[in-house]
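Enquirer: One structure, as structure tokens, below. Some questions next.
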Amino acid sequence: MIKKQEEKPKYKISKKRFKIILGYILIIIGILLPLSAFTSLTINNIKSNGEYEAYIEDSKRQTLDEDEKSGIESYNKKVMDNDQNIVDPFIADGYKVEYDFYKKNPDKIFAYLVIPAINVKKPIRLDATYDHLANGVAQIDGTSLPVGGIGTRSVIAGHRGWYRDVMLLNLGELKKGDKVYINRQGDILEYEVDNTEIIRPSEWERLKPIEDKDILTLLSCHPKRPPSPYRLLVNCTRVEKEILSRAGNKSDTKIIKATSKNRTVQVTEISIYIVTLAGWIFLFFVILKFKKILLNRSV
């Protein structure tokens, strides 16, 4: 007579064990959500120097297109003649402009914004769309393109912090005399902070060009924490009337290596690094503990 093999009793998870496992899963998710944001902040902060250096190297192999030059001059002339309307990038969601000389590649990096005092190195794109502002800073349509020149006023917009990048979080820390640079394919324009203003989104007449000046205005939301009903303007005046250098010269190296001595900026960066490192260490130990619980069926 053949004996039937005894069936092994099926493992049944207890309510207590289920609650413990579910609790750990929720803890891990709770850690990962903010940790992913802090990790993105850390990575983007660290790689900004490398991306700027890559832009400089790429600039050495490029020449300025004559049609592009002509298009830029034509656009800036319209701005000087008050023939362009300014649109708030933080209100006009979905508003998009097409630049005739940038039709082939509207997402191309036009130039680089470098602000050593607050450790900012961000690509500038034309037209402050959602995507452009999520990946750097952007020129506001209706204001001059950032190529310099008497009677021009380029307004560059950027978020006051983003979920994956610090962006212009510390813009308010800039003081009179701080240097701001625009690198346009190796041509470096040097500006100096002159003053700051707080305006309402409707007060665009405050952004009109001034006849005998070359101005760069940095714009972001104010205050830092939402809701941010106002706009912070940092107005900068051109210092050197001539282009500083071509890409790869000493001026570029000096700008790349310049780091902020501002305590608020330093504390912000160090805090992000510490929270990111501590978060990953904590997550590692939580996962180890969770693994032990999964292997130990007596719990």
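Every residue, even glycine, has its Cβ placed from backbone N, Cα and C.
The following feature annotations were taken from TrEMBL:
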ACT_SITE  HIS159  active site, proton donor/acceptor
ACT_SITE  CYS221  active site, acyl-thioester intermediate
TRANSMEM  21-43  transmembrane segment
TRANSMEM  270-288  transmembrane segment
Enquirer: Could you check the active-site residues HIS159, CYS221 and say which one's CB has the fewest neighbouring CB atoms inside 10 Å?
Expert: HIS159
Enquirer: Taking just the CA atoms, what is the gap between the residue listed as 'active site, acyl-thioester intermediate' and the residue listed as 'active site, proton donor/acceptor' in Å?
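Expert: Distance (Cα to Cα, whole Å): 7 Å.
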Enquirer: Helix, strand or coil for HIS159 (active site, proton donor/acceptor)? Use DSSP.
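Expert: Once the DSSP labels are grouped into three classes, HIS159 (active site, proton donor/acceptor) ends up as coil.
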Enquirer: With DSSP assignments reduced to helix, strand and coil, which class does CYS221 (active site, acyl-thioester intermediate) get?
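Expert: Note: CYS221 (active site, acyl-thioester intermediate) is in a strand by DSSP.
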